[in-house]
Amino acid sequence: MANETDLYCVPGATNFNKAYSRLHGYLAIVICIVGSATNSINITVLSRREMASPTNSILTGLAVADLLVMLEYIPYVMHMNIKIGPQVNKNTYGWAVFVYFHSIFSQTFHTISIWLAVTLAVWRYIAIAYPHKNRSLCSKRNTTVAIVSAYIICPFLCLPIYFAMNIVPNEVTSRNNSEFALDLSLPQNRTVYVLEMSKNKELVTAIMWIYSVILKLVPSIALSILSTCLISKLTTTDRRRQKLLKRSTVGPNEAEKQCLAEDSSSVRRSNRTDRTTRMLLAVLGLFLSTEVPQGLLGLVSALAPDFFKSCYSMFGDLMDVLALFTSSVNFVLYCSMSRQFRCTFARLVRRTLSTAEHSPKLTVKQEPTTQVFT
């Protein structure tokens, strides 16, 4: 394995994998717990009535997908990376089925997140490029259809992954316990079950093409193009704002004052739009930072099938934790870049604290007292 890794991968990949695997479980647990909390807050805040908008509806759908990925990842990483009991007990048929389920479930909901991000970019581009059509094209009905479509279509896109792996039984004896029971003396033969890639190389190669191109590179290219268009529109708006400021300092005549007033009102509206667009660009940038490397590595795996086992898998845990991290920091972006989100979140916190303070007083019952006079 080491020779294959040296041939297909960067030097030191095996040593890096061994060193990082000791930290991955605990790092992923922390990120998943924090990310589950922040995504739950995102869902609570963004689904408030005062926050209702097509953009926030998409962000809510994205937060739901990210939350499900993190909640499911917790038992998986505890099973795979945190040693709780004898290693042989982690290779039962039931656990093998769970790992099989995890590989499909996590990829499905992560794909939902990606395509919701693409939908978000499209919706935002329409809002700033065609504001007169925004209300009709990005209506509540169309937004709901787009979100539901992502949740329905993406599982079918990820269905080929089901055929890429097989649950394989291995006979383990006291003489041949290998990595399944390093610290256990087996009194008798045992059968352990592991998840392995299919032996059909043509099938695996086809699935790698679907994974890298359809699930990773196509949405990444779409996000890149849309992000470039959004940045271009922001640049144009900034130039218009600077031009307006220069005109206002020259001292306009009466004929120009009304025009400047209208332009100033338009610029104030565009300022709010620009702040929202910049926040969404940060979200899209986080997606691209993790999806592009995975897509490129998947593409290399499709071109050179041995690359997946000897190199891609060496960095699989690291790419997982980076994807989890990017899905957990959206709360920080929303708080730092959206005043409406901060205010709504603050009101919810105050209301929760106020309810917690008053509820004990409401539940305390006055006990009757009996006075005895002698």
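Here the Cβ of each residue, glycine as well, is placed from N, Cα and C on the backbone.
Curation plays no part in TrEMBL annotations; they are all automatic predictions.
Database features, via TrEMBL:
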DOMAIN    38-334  domain 'G-protein coupled receptors family 1 profile'
TRANSMEM  25-46  transmembrane segment
TRANSMEM  58-78  transmembrane segment
TRANSMEM  98-123  transmembrane segment
TRANSMEM  144-165  transmembrane segment
TRANSMEM  206-231  transmembrane segment
TRANSMEM  279-300  transmembrane segment
TRANSMEM  312-333  transmembrane segment
Cβ contacts under 8 Å made by the transmembrane segment (206-231) with residues that lie 6+ beyond its boundaries: 107, 111, 114-115, 117-118, 121-122, 124-125, 128-129, 157-158, 160-161, 163-164, 277, 280-281, 284-285, 287-288, 291-292, 294-299, 301-302, 305, 308
Confidence summary (mean pLDDT) of the domain 'G-protein coupled receptors family 1 profile' (38-334): 81
Residue numbers, six or more beyond the limits of the transmembrane segment (312-333), whose CB comes under 8 Å of its CB atoms: 5, 9, 13-14, 16-17, 20-21, 24, 27-28, 31-32, 34-35, 38-39, 41-42, 59, 62-63, 66, 69-70, 73, 81, 110, 113, 279, 282-283, 286-287, 289-290, 293-294, 297-298, 300-301
Long-range Cβ neighbours of the transmembrane segment (25-46) (under 8 Å; 6 or more residues past either end): 56-57, 59-60, 63-64, 66-67, 70-71, 73-74, 77-78, 80-82, 317, 320-321, 324-325, 327-332, 334, 341, 344-345, 348
